[in-house]
Amino acid sequence: MLALRCFALYLAFCLWICKAEDASSAPEVENKKPSFNNPNIPKNAYLVLFFNSPSDITERLVVSQARKDGMDDSIAKYDGVWSVEVPYASSIENDYALVLKSKAKHHAVSTKLFRPIKFDTNELVIQYDVKFQDGIDCGGAYIKLLSASPNLDLKQFNDKTPYTIMFGPDKCGLENKFHFIFRHKNPNTGVYEEKHAKKVVPELESYFSDKKTHLYTLVLRSDNSFERYIDQIKVQSGSLLNDFDPPVNPPKEIDDPEDKKPSDWDEREKIIDTNAKKPDDWDEDAPATIEDESAVKPSGWLDDEPEMIPDPAAVPPKDWDREMDGEWVAPQINNPKCASAPGCGKWHRPIIPNPKYKGKWSAPMIPNPNYKGIWTPRKIPNPHYFEEKDPFKSLAEVNAIGLELWSMTDGIAFDNFLIVDSKRAADEFAQETWAIKKEAERLADPKAVSPVRFEYWSFLFFFRDKLL
């Protein structure tokens, strides 16, 4: 009786799920995209850049008119095309983005910040999202925070324009990169040197190939720590002092360039024993292997039977022309007489290692009585040594942000650039921008599974298994 009640309950639950599924599927029939809404502007932001109109390309951005030095005119110009438009693969109505529109060209575009970054806060967060609408074979999607200078002309922004930080994804062929580079000024020489963050461990390929929008976030702190995130998941953390190549601080000591290895310095740990003699019984001509003389032919071995014979059942094809095709030869098959015998054909003794084999004699190696070890030059104080304790605070002031890229793939969409002094503010901004895109893209994906229906059916199958 209890089983019947449970079964009835099970059937009722099935009907309820089907109705719920029908209801949940109704919006999918309409396939209506969500509409874009302007996000809230974080307080005290250095930059908030999203797009509302095609006119933003001229009203809010500066497209470079620069030329690269030392290159042929046909490729020297920064004539790559930019456009502010709704990407063709957008899952949100009226969600404009900055789109790189041309292949195999130099592209550069930039904009001024609301206020300069002086690296005098406890935290600095740089964030933006990228969508490779058609995937990407070779091209960059990184941003540059341009160093403040009275000579900075955004119309002439090019690869030589000084930057303070470079950050973002880059790919060519099988090499996937997630850049974080900062330029540090040597206090002794005044020369800037690029410092490259160590490689991110997680696999990056899917971010370039899945044609989804991905969010890239860099967090810098006044204690010289940093964190990098992709889609709000931390992929790296470290120190500006310890996790870059080359390191910020040079070594205190260096090899003395004037020190030379003495001419009598012997680095050979072992030498040939010149007093050794070849033993009289050493036979260099003995072969490495010999026949096993103790072996005997197994009883029943069929010497006169071949291992393979013509297939007696085979016949020439009907269209075989002897004059045209030659003499027909039946295919070979295993000799059935050999199946029950230890072997067929001529018997040979097996080959075994020669116990008398010694090979070519050579004198043994012995410890070198004159060995002094591997020579290394003596250390001297590094004349260029300095100690930078706070690289974050010493970073060059920034007053603009730009994209300076070469790409063999077009259709790269950039959006929702944000620079603030709070990770919390950046996360809240992401919830109003990237997170909405992520969900819209998930729902627009024909392979996506409705989480509501998945929960229904998971519970149903669990309930069924308990009954049966």
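Yeah, the Cβs are placed from backbone N, Cα and C, and that goes for glycine too.
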Looking only at CYS18, CYS138, which is named in TrEMBL as the disulfide mate of CYS172? CYS138
Assigned conformation of CYS138 (disulfide bond) - DSSP reduced to three states: strand
Where DSSP helix means H, G or I and strand means E or B, what are the helix, strand and coil counts for the region 'Disordered' (240-271)? 0 helix, 7 strand, 25 coil
Counting across all protein chains, other CB atoms within 10 angstroms of the CB of CYS138 (disulfide bond) number 15
Three-state secondary structure, which DSSP defines for CYS172 (disulfide bond): strand
